[in-house]
Amino acid sequence: MRTNTISTAVAIILLGSAEAINLKQKSTSDGSPKVVHQKVHKHHIENPAERDRRRFLHKRQAENGVVNVPLSNELFLYYMEMTVGTPPQQFQVHVDTGSSDLWLNYAGSDYCESSSDPCITGTYSANDSSTYEYVNSLFTIQYVDGSESAGDYVRDEVRILDGDVVVPAQQFGVGYDSSTPDGILGIGYAANEVQVAYGGEAYANLPVSLRDQEYINTLAYSFWLNDLMAEEGELLFGGVDTAKYTGDLVSLPIIAIQGVYREFTVELTAVGLSGDAEEFSGTTTEIHLDTGASLSYLPDDTTQAIWDRLGAQYLEEYGVAIADCSLAATDDTIDFRFSDDLTIQVSMREMVIPLSTGLGFDVCFVGVLPAARSPLSTSDRQYLILGDTFLRSAYVVYDLENNEISMAQTLFNTTDSNVMEITSGTDMPSGTGSGSGGGSTATDEERESGVASLRSSSMALVLMVVAMIVFLN
């Protein structure tokens, strides 16, 4: 039931319709939704700001057509399990909505065979798979330090463990001289594939293959990352779990770049504090949703206003703004407004994050940075990103078929489930969350007294900690 790869690729690059998603309860003969259900697991990283900096460089295409990938280890990132090849080789791959290729490390690379054994999440050996096929050598990558390495595009059988789903002859990249320990599962638009950057045809990446082989009805998926402390969330290809959010899913159009859909870009209309929608910014901006980014990158003036309001201070040594950890215990929220019908509130316990110093005590940092520190920003264009510090608080549906993002306020740590499949349609989404509640909002008086007192009482302590960290390092 696999469709022609080239025709599929052309179809998904062309502008789509303005139809919104619909949800349906049952489809398959046994009455279960036509959905591929994947658990995602959280891995810890040591330096989220530096990791984001290096990782984003892979999206810049050099003049010679080379596409950059990160050098460093992967705050938190989200992984899923799969096997590749015959017999199956096991992997944990980092799930990334900001890229579009699945690629894996080569088992025999100098990096993976080093004494530190860094590639513990899996390596690929073509010689050990009877279903391996060579495609081309267009998967060429350039590292941040200027060194280059070459890789191949190949095809092999991919199996998604949680869903018992088998995709034969799935195309993916193999990095023969990589310096990053983990494979990456890019699930974005096919127009963002490395092969396309070289002028090649787009191919059916994993989400497209799942649709083409009728495991799912439409090219769409949803993410529930759960809260900062949770070790596990879920990714539903072709489905939505209405028990994982509260209120209605509200749809936003994805913005095309020069007539082509490449990234998950939407309009953000305001950023505020605890119900004051425009306290930090009332200017409409284009912003990208990216699970591969640990932090969020907002306009410089908006970020500085948030830091000032929270009494945070930027620390060059760590590349983040530190703040009193007591802020995480307040009821305040940072509010992201996308339309009159959609505001996502991110609580302080999700935005004020512990930063281990290795000195027997912790400080915290604020999970937003100015766009000027995003490696994709230029002197005349700020590249804004809503990364995991935002996405944990939003239930997000990525609809690549209708070119829409649908969001609702997430419901943390629920064990309830009501999975519905996504189908194409012309009506607004019928996905009303079956959860209840949401973030509590402090009154203006409580907010002023709470944040101001924390700021004044803790700033001396924060500055002392900063001085100690800088001195001891």
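Backbone N, Cα and C define each Cβ position, glycine as well.
Annotated in TrEMBL:
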- D96: active site (ACT_SITE)
- D290: active site (ACT_SITE)
- C325-C364: disulfide bond (DISULFID)
- 78-408: domain 'Peptidase A1' (DOMAIN)
- 422-450: region 'Disordered' (REGION)
- 1-20: signal peptide (SIGNAL)
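Counting only same-chain residues at least 6 apart in sequence, those with a Cβ under 8 Å from the Cβ of D290 (active site) are D96, T97, G98, E263, F264, I385, L386, G387.
Long-range C-beta contacts of C325 (disulfide bond), restricted to its own chain and to partners at least six residues apart, with a cutoff below 8 Å, comprise V352, P354, D362, V363, C364. Per-residue pLDDT, averaged across the domain 'Peptidase A1' (78-408), gives 89. Neighbours of C364 (disulfide bond), defined as other CB atoms within 10 A of its CB across all chains, total 23. Look at C325 (disulfide bond): DSSP puts it in a helix. When secondary structure is read from DSSP and collapsed to three states, D96 (active site) falls in the strand class.
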